[in-house]
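Novice: Submitted below is the structure of interest, expressed as structure tokens.
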Number of protein chains: 2
Amino acid sequence: MNDIALQTRMANALRLLTVDAIERARSGHPGAPMGMADIAQALWTRHLKHDPGEPQWPDRDRFVLSNGHASMLLYALLHLSGYDLPISELMRFRQLHSKTPGHPEVGITPGVETTTGPLGQGLGNAVGMALAEKLLAAEFNRPGLAIVDHHTYVFVGDGCLMEGISHEACSLAGTLRLSKLIAVYDDNGISIDGEVDGWFNDDTQGRFEAYGWNVIADVDGHDPDAIDAALRQARSQAGDANGKPTLICCRTIIGRGSPNKAGTEAVHGAPLGADEIAQTRGQLRWPHAAFEIPDDLRRAWDARERGADARTQWQRLFARYEKSHPELAKDFMRRQRGELPEDFGHQVQALLDRQLAATTETATRKASQQALDALGPHLPELLGGSADLTGSNLTQFKGSRSLTRDHAGNYLHYGVREFGMAAAMNGIALHGGYIPYGGTFLTFSDYSRNAVRMAALMKLRVIHVFTHDSIGLGEDGPTHQSVEHAASLRLIPGLDVWRPADAVETAVAWRCAIEQRQAPSALLLSRQNTAVLEHAGDAADSIARGGYVLRELGTARVLLMATGSEVGIASAAQQLLFEQGVGSRLVSMPCTSRFDRQSADYRRRVLPPELPALAIEAGHPDFWRKYVGRCGAVMGVDRFGESAPAAELYRWFKLTAGDVATSAHELVLEHAKAHPRAPVEDFEIVLSCN
Amino acid sequence: MNDIALQTRMANALRLLTVDAIERARSGHPGAPMGMADIAQALWTRHLKHDPGEPQWPDRDRFVLSNGHASMLLYALLHLSGYDLPISELMRFRQLHSKTPGHPEVGITPGVETTTGPLGQGLGNAVGMALAEKLLAAEFNRPGLAIVDHHTYVFVGDGCLMEGISHEACSLAGTLRLSKLIAVYDDNGISIDGEVDGWFNDDTQGRFEAYGWNVIADVDGHDPDAIDAALRQARSQAGDANGKPTLICCRTIIGRGSPNKAGTEAVHGAPLGADEIAQTRGQLRWPHAAFEIPDDLRRAWDARERGADARTQWQRLFARYEKSHPELAKDFMRRQRGELPEDFGHQVQALLDRQLAATTETATRKASQQALDALGPHLPELLGGSADLTGSNLTQFKGSRSLTRDHAGNYLHYGVREFGMAAAMNGIALHGGYIPYGGTFLTFSDYSRNAVRMAALMKLRVIHVFTHDSIGLGEDGPTHQSVEHAASLRLIPGLDVWRPADAVETAVAWRCAIEQRQAPSALLLSRQNTAVLEHAGDAADSIARGGYVLRELGTARVLLMATGSEVGIASAAQQLLFEQGVGSRLVSMPCTSRFDRQSADYRRRVLPPELPALAIEAGHPDFWRKYVGRCGAVMGVDRFGESAPAAELYRWFKLTAGDVATSAHELVLEHAKAHPRAPVEDFEIVLSCN
């Protein structure tokens, strides 16, 4: 048996594991794994630098399956290469709590670098990973000591390339000359609706050349040597300063090996069926039973020794690096572990002290920049950016440097590419070595929303800076005014949404976001100035709880709760109420998810249920029902905004201190009337106060 | 004064109206209007077919300003051309309730065809408009009677072309050969962060040629004759069957006319300032006061006579058409008005009767297809599609025809382009003549979210079919399982979100969505089968109210409310409770926004406040606090999903009938304990029941 035959048999092992696992699960996508098996075999056995025994080794190549529905391909590769993914897990494909979920999920399966499935985003992640590699190399490598030197490979299908995010990500990758990014396009001409010609007939080569990529076109995706040659060619220029990312276009047949379904959409997303599987075994001359892999193929696939060698070689290199650059080596490893510098706490405290003493009104976006000015210079791992709104988001701090094609700097002008930015940030965080943050207007979180969700699902430390967070942005009008976005982001499980009220809360928000290693954060910041609030000495701790009593004025008969720019308004209303003889409690709720994680006792102390509650937020009111109940009241904005100066809009939407005081007063009276002794649900109030 | 000078003076009138209005508003974006003034002058005075006196005339050309921040350019054009937009409105630019909001808004300003601002979406709208034109022409034009024959022009900036949606929209436009779509690129090399070269250096010509567009490159955007020649060239092939859409790349100088700020990002988004405006007047030799336009320029700009002539000519043509094709003409006008066929009510009733009599369990996505099968053949204006999930969304009905490059058909395979699809649907609806609907998985509503929002802001009749609406989709896992999406879509003001429980509710949802002329609808549909519910005779009316009592079983001591696939579960739980001696009321809430619009009396009758309430929805629980209050309970999914068969997931997330009955029972007991006489807020329950 010659080499080609062995390679084809190795690829067929991927095909059969795929169809058998999918058949057993009665669910899954055989088409892409069968079509890409030869490509995967060539890449994984002849090029990919990885160690199945140490999947987290820093200088490994990154492999991303952007067409995540091809998950069984990846599981078969990991299993056969020797990762800790036994055949029993492949037999539990798509079953509850198996290590082989329907789409690849980072953190569940060793060797899976990112969670994919939502098309195009894996490609965006890969761009982030390749960027992180370039930046880390520029920062840490020293002559003869290239401790950061790896490739990022990404498989993409037609779906990924139709998605808009592929444009954002690849245009950026071309501009930034990410030469160690190698994408392999599974050009099988089929998507779920059938032959793509009717809805997708781009000249993809021309398109990517227009982005400044190398394109290796017309590769036979079932010829292992042709694939190997293309990968060699792609890698050959990857080290050039003027190198380009590479797209390898492979012509493939979807479902290759299935005699009756290959080449059609029928093989995309459903099990082949017992009969067709039997015929597939015949066509591929595969005599083995389901989940049975012959020993010679197991040996040929086993990457553990080769992987351990590569890793050991790197460890020796790193040992030499450590000797000659001990401080750099220490910092490199610290950042790999995701730990913060030792003096981080001191820097935060100094910032807090300054902000606690500050007396001038400031926009929270400006306070955010002040936080960055204070913390950024001491956090070399911070990698900032904005989707072309730097001067509005105020995301660039003093002394931070815009990075360009030279890959030196810590601030990226992402261009007008919100979704691409968010997906790249996920890739940067997944790669390790950096804490990415990026800015846009809150309304345009809509554009990046699914990538924010993916960060939450993957538990990534990424920080979204969403400024211009309400009608307070004024004249730009309803297209730019967030109404539903704060509430809507709060629905994403695992995302901490901050809407700080002043410079002190903003500083704490930044601290918590940076310290939060296992979750993304979104900072919702005002365009307009916010009031200076009076804080207690232990304010930082209270704020970090996500909700706290900011001020008690008189004997509270009503509870006011607010976030962000409305806390100042509520505070002024509290003063008015006091002057009218009505005592109240003011609760600031900068981060409701953190508040929800506090003890029941703490929450009850902050929000005593016997007090009627009025929530004030310049956003959709429904969210606040959770805290005020049906018989409380909410002042918000349940319609789209308007184009006008901000102060006028606050009057138009009845969100001034006077309006709040009036509503609070009414609530007190209604409450007293309805509950002579104890609080009772009152349906009239329920239905009238929204 | 020769022609060129006049044209330049006409363009300068746009420039000065822009800078003066922005200065007065102390807010706005002068850069793009000043840079595109010459282009706009050439297009609007030499090419655009429009009638300021009748802005809604069906066969007018459509003009879209995708770079919507250049709003003052459009307002100046409309004002000078003779639209009902007096100078007093330009003087109230960006003021509350003026006709000149910060970004152009359809429905507020005569002549504005779509609301733009969120970048790239105007381009997507334009693709939809150009598609609608092609389809309507194919459907209605007859030899010698081309009653539909107009162009769609769209201005785009660097931002639009960086956005991913530009890829989706333009790749689709190229595939569909939308030859009457003419885009003009304001290639000024500047975006908000500065010179775009650092983050955007696509070969845009190559990119668009790869999409199958004509590209007219290197046009001097300040030479009216060069622009005119390019527009002529673009139009010359627009009528060819094999014609292509055209991109005209104009080199321009942002802020042209401002001596010190032109060519820099400083002129993008802030008033020039009095001093710079004075110098601009000098440079442009513009001696006139703010908002003053000399008579010769007013005359040169006035498009009313030319516009009325063009429109009258069309009306004559249409009169001939009416004579030879009276039925077609009647249908054309009916569809222009957005009215439904006379027999629509009968068709709906027949469908309802069938579904009320149906006895087999069905997935609501399947029920949706049944509704389309029944209604589609009688609604020629229905224009369906899916973002490459036709067989999963079940969006294509019997006998509907996939359209291709021949522009005949009523079903579009949009490709994997959710955002592009949604923006194109908005354009189709704006154009008139069609009611667009399109499908994808609910989770991927994230991708299209801002276009769904824009449909709501514009009050457009578009229908989103979002299937696979919960953990019920099963094995595809958390990337594909909506958890927060139903709640999150319900936050968009003006969007009706339906989550029907069975085939009957699905039929009513379709009816209401189709009848809802002034708002978009989203239909959230199950992958899995749902129970057959027993409905009363007047079910259709009840369902249309958005929430109604489905069944009372015993004397209600607890209220169960649910949506979609969970209504069947709640119904089974109700039976269990009854057998345990606990009476209950079951409320189905297929469309909460419609329910909220009912009278307070109706809502109180459906949800009596004295009954403790338990909401069940396989989605984020917070939303339901609005209806159950703090002392009710919600059974939902507040985490990400898992990959497993659907039935297993319902058990894992404790959403079976048994779980619901248990929780309801507990709620009854807690309620009785806490409220011996009347309902009282109980904080323990509040904090434990989420």
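The backbone N, Cα and C atoms fix where each Cβ goes, and this holds for glycine too.
Relevant sequence annotations retrieved from TrEMBL are reproduced here:
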- B:E418: active site, proton donor (ACT_SITE)
- B:H29, B:H268, B:R365, B:S392, B:H468, B:D476, B:H480, B:R527: substrate binding site (BINDING)
- B:H69, B:G117, B:P118, B:L119, B:G159, B:N188, B:H268, B:F444: thiamine diphosphate binding site (BINDING)
- B:D158, B:N188, B:I190: Mg(2+) binding site (BINDING)
- B:362-532: domain 'Transketolase-like pyrimidine-binding' (DOMAIN)
- B:H29: site 'Important for catalytic activity' (SITE)
- B:H268: site 'Important for catalytic activity' (SITE)
Novice: Reduce the DSSP letter at B:L119 (thiamine diphosphate binding site) to three states and note it down.
Specialist: coil
Novice: Helix, strand or coil by DSSP: which one applies to B:I190 (Mg(2+) binding site)?
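Specialist: The residue in question, B:I190 (Mg(2+) binding site), is strand (DSSP, three-state).
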Novice: Do the binding-site residues B:N188, B:I190, B:H268, B:R365, B:R527 include any whose Cβ comes within less than 8 Å of a Cβ in chain A, and which?
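Specialist: Listed binding-site residues meeting the cut-off: none at all.
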Novice: Within 10 Å of B:N188 (thiamine diphosphate binding site) by C-alpha distance: pick out those among the recorded positions B:D158, B:E418, B:H468, and say none if nothing qualifies.
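Specialist: Near B:N188 (thiamine diphosphate binding site), where near means Cα within 10 Å, the recorded positions are B:D158.
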Novice: Applying a 10 Å Cβ distance cut-off over all chains shown, what neighbour count does B:H480 (substrate binding site) have?
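Specialist: Its Cβ shell of radius 10 Å holds 24 other Cβ atoms.
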Novice: As a test of reading the model: what is the averaged pLDDT for the domain 'Transketolase-like pyrimidine-binding' (B:362-532)?
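Specialist: Within the domain 'Transketolase-like pyrimidine-binding' (B:362-532), the model's average pLDDT equals 97.
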Novice: Of B:N188, B:S392, the binding-site residues given in the record, which has the fewest other CB atoms within 10 A of its CB?
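Specialist: Lowest Cβ count within 10 Å among the binding-site residues (B:N188, B:S392) is B:S392.
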Novice: Going by Cα-Cα distance, which of the binding-site residues (B:G117, B:L119, B:I190, B:F444) sits nearest to B:D476 (substrate binding site)?
Specialist: B:F444
Novice: With B:H29 (substrate binding site) as the reference Cα, tell me which of the recorded positions B:H69, B:P118, B:E418, B:F444 is the closest one.
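Specialist: Nearest candidate: B:H69.
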Novice: From the recorded positions B:I190, B:H268, B:E418, pick the residue whose C-alpha lies nearest to the C-alpha of B:G117 (thiamine diphosphate binding site).
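Specialist: Nearest in space to B:G117 (thiamine diphosphate binding site), counting only the recorded positions, is B:H268.
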Novice: When you look at B:H29, B:H268, B:R365, B:S392, B:H468, B:D476, B:H480, B:R527, which the record names as binding substrate, what is the longest CA to CA distance in angstrom?
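Specialist: Comparing all Cα pairs, the maximum is 48 Å.
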Novice: What does the structure give for the C-alpha distance between B:D158 (Mg(2+) binding site) and the residue listed as 'active site, proton donor'? Integer Å is fine.
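Specialist: So the Cα of the residue listed as 'active site, proton donor' lies 22 Å away from that of B:D158 (Mg(2+) binding site).
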Novice: Looking only at Cβ atoms, how many others are within 10 Å of the one on B:P118 (thiamine diphosphate binding site)?
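Specialist: 27, counting other Cβ atoms within 10 Å of B:P118 (thiamine diphosphate binding site).
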Novice: How long is the line from the C-alpha of B:R365 (substrate binding site) to the C-alpha of B:I190 (Mg(2+) binding site), rounded to the nearest angstrom?
Specialist: 47
